[in-house]
Amino acid sequence: MATTKSFLILFFMILATTSSTCAKLEEMVTVLSIDGGGIKGIIPAIILEFLEGQLQEVDNNKDARLADYFDVIGGTSTGGLLTAMITTPNENNRPFAAAKDIVPFYLEHGPHIFNYSGSIIGPMYDGKYLLQVLQEKLGETRVHQALTEVAISSFDIKTNKPVIFTKSNLAKSPELDAKMYDICYSTAAAPIYFPPHYFITHTSNGDIYEFNLVDGGVATVGDPALLSLSVATRLAQEDPAFSSIKSLDYKQMLLLSLGTGTNSEFDKTYTAQEAAKWGPLRWMLAIQQMTNAASSYMTDYYISTVFQARHSQNNYLRVQENALTGTTTEMDDASEANMELLVQVGETLLKKPVSKDSPETYEEALKRFAKLLSDRKKLRANKASY
């Protein structure tokens, strides 16, 4: 209820902000948002691989990376992990993972991450392997070293408040300059599935600052697109490169939002008669699924309405599979067979139409989006050279 109320407040604030300014491509803010969904992160990973390949082709540069084109990359849960993989620098100050490396990461490590602990008390998975592999991959890198602005959400169960890790917040809140592996584990620590994560940083005065964090989906309910747009708006207001952008002027935003799939209309749905017999535990599991699905639909609805109201619907692309069935609906089924099915879902999704009203496929839409990103990057570079 509180989440819906906050969405509505932001929604009407956006609609109330009008602007007749025509956006200059070089001054537009580019935003990538990636949903949570556990092992279903394979689906957006396929999309990212395709998009990065298109950018490399358009710019004739095999070393082009997504972080070179987006001003803000935001994610929650598995989307936060993807965000870190494509923005955390290696020893050459380039993203340590190309988009094509992400699916192999899931295929190799997924079965070990989602390896049932066997305990009847506590979470289903102990999280030890997940934390270990994140430490190995991300090392000692901290938020301030990210190659572009990031927005990774989590929730502090001790303070009962969301915690959003961004570079732009560090001057005011240096305690947020945490290690990326701590952030990634925290945003993925879904209640029931993984233990909460405790770690410390230090304030500007050198005092210890404690975090007691769980999955970012608790804060953003699975879809971080509105969060990512909010961070982008603040970034635009503070950066002179975006001087023409007004507060909450989404007409000057380019947003790509990637989902991890929702269930088919008739898969894992329930009747009132069935639900009337449920106990607290059964409701707990069902509510998480229902809340994530509702969030995905409603966030997309709000954002679509805003962009359409600004006659800027081509500036927003939501890539989502809405017909998952069987094992592909599970966020923790990391069996080889299911992961291969998720790869197929992502590849098939590229060939599907963006909407029932348009023959344009996601593949075609992403090619168009890649051209916009490329042109904007070149215009920005030319402007900076004068």
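Glycine residues also receive a Cβ, built from the backbone N, Cα and C atoms like all the rest.
As recorded in Swiss-Prot, the features of this protein are as follows:
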| type | residues | note |
| --- | --- | --- |
| SIGNAL | 1-23 | signal peptide |
| DOMAIN | 32-229 | domain 'PNPLA' |
| ACT_SITE | SER77 | active site, nucleophile |
| CARBOHYD | ASN115 | N-linked glycosylation site |
| COILED | 321-384 | coiled coil |
Note: among recorded positions SER77, ASN115, least Cβ-dense neighbourhood at 10 Å is ASN115
CA pair SER77 (active site, nucleophile) / ASN115 (N-linked glycosylation site), Å rounded to integer, equals 18
Per DSSP (three-state), the residue listed as 'N-linked glycosylation site' is coil
